[in-house]
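> Just dropping this structure here.
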Amino acid sequence: MEKVIAKKKFGQNFLKDHTVLNKIIQSMPNNNNHIVEIGPGLGDLTKNLVKYKDTTAYEVDTDLIGILNSKFAKEIEEKRFELIHTDVLDAWEKKGSLYEGKYDLIANLPYYIATNIILRAFEDVNCENIIVMIQKEVAEKFSANEGDKEFSSLGVITKLVSKECRLLFDVPPESFDPPPKVTSSILYVSKDTNVELDKDFKKFLKACFSQPRKKLSKNLSSVIDKEFLSNIYNELNIKETLRPHEVSASLYSQMYTKVKNGKKRG
Ligand SMILES: C[S@@+](CC[C@H](N)C(=O)[O-])C[C@H]1O[C@@H](n2cnc3c(N)ncnc32)[C@H](O)[C@@H]1O
């Protein structure tokens, strides 16, 4: 077969390391969920996924569609594999969910939109578990704990929407062809499907973390009345000197509820 030239604009770094592929498969949750893969690429991970479970994959690159259709002709015929040729973010926009039943997202993500994809998967009510390869630095933001210097709005959101979030293992650039410039990590998130975040919560967090090294009270005082803010701090027993990364996800959630209720009244 003709050698495929990886396209930078689609974040194509094909995973070639069999040990890593096996470790991803071994990390799959033991349940009856369908699998959704984003960006099957040349199908190396896909080949392993379809051995275990029915899979739906979304691929944007037209040049890969023919290759995948012939590689997985048997699985497509047997309805164990469905390949959807589209930009996955458009699919979410149009359909709301990537699959009509409960599913786990398992993928080596295109890094240029990895954060967006994970945040979108958090909102997709049918997605229960997420096992994705992303840039290590980004994975550390998602899995950070309060007090860690990496704890940001991504960490707060992840804590609130998940039962568990962990970095499973790191993957060096040499495991890919072509090798990316950075180390990668596998991120595992088990979602708490009962939680739905308020649509304006992200805007509130943006204000909270606008100047991450300043005091949280300073960041909030530019969007909230000082006296109202001081009352919230007193009611929730929050120390005035705390920086944004030192406040727990649950306190952020309680503060947001008070701000929202206060605004409704005011
Ligand atoms: C890092 S590669 C992973 C390829 C393959 N899964 C592997 O592990 O070798 C990312 C894949 O995502 C695809 N991709 C990039 N942007 C996409 C988008 N917006 N929607 C769907 N697929 C996309 C790329 O074409 C590529 O196949």
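All positions are counted from 1 along the displayed chain.
Keep in mind that glycine also has a Cβ here, set from the backbone N, Cα and C atoms.
Okay, these came from TrEMBL:
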{"type": "BINDING", "residues": "ASN13, LEU15, GLY39, GLU59, ASP87, ASN108", "note": "S-adenosyl-L-methionine binding site"}
{"type": "DOMAIN", "residues": "20-193", "note": "domain 'Ribosomal RNA adenine methylase transferase N-terminal'"}
> Inside 10 Å of the Cβ of ASN108 (S-adenosyl-L-methionine binding site), count up the other Cβ atoms and send me the figure.
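ASN108 (S-adenosyl-L-methionine binding site): 28 neighbouring Cβ atoms within 10 Å.
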> Average pLDDT across the domain 'Ribosomal RNA adenine methylase transferase N-terminal' (20-193)?
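PLDDT averaged over the stretch: 97.
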> If one looks at the chain holding LEU15 (S-adenosyl-L-methionine binding site), which residues at least 6 apart in sequence have a CB under 8 angstroms from its CB?
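Listed in sequence order: LEU21, GLY41, ASP44, LEU45, ASN108, MET133, VAL171, SER175, PHE176.
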> Could you list the residues of the same chain, at least six apart in sequence, whose Cβ is under 8 A from the Cβ of GLU59 (S-adenosyl-L-methionine binding site)?
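Long-range Cβ contacts: GLY39, PRO40, GLY41, ILE65, LEU68, LEU83, ILE84, HIS85.
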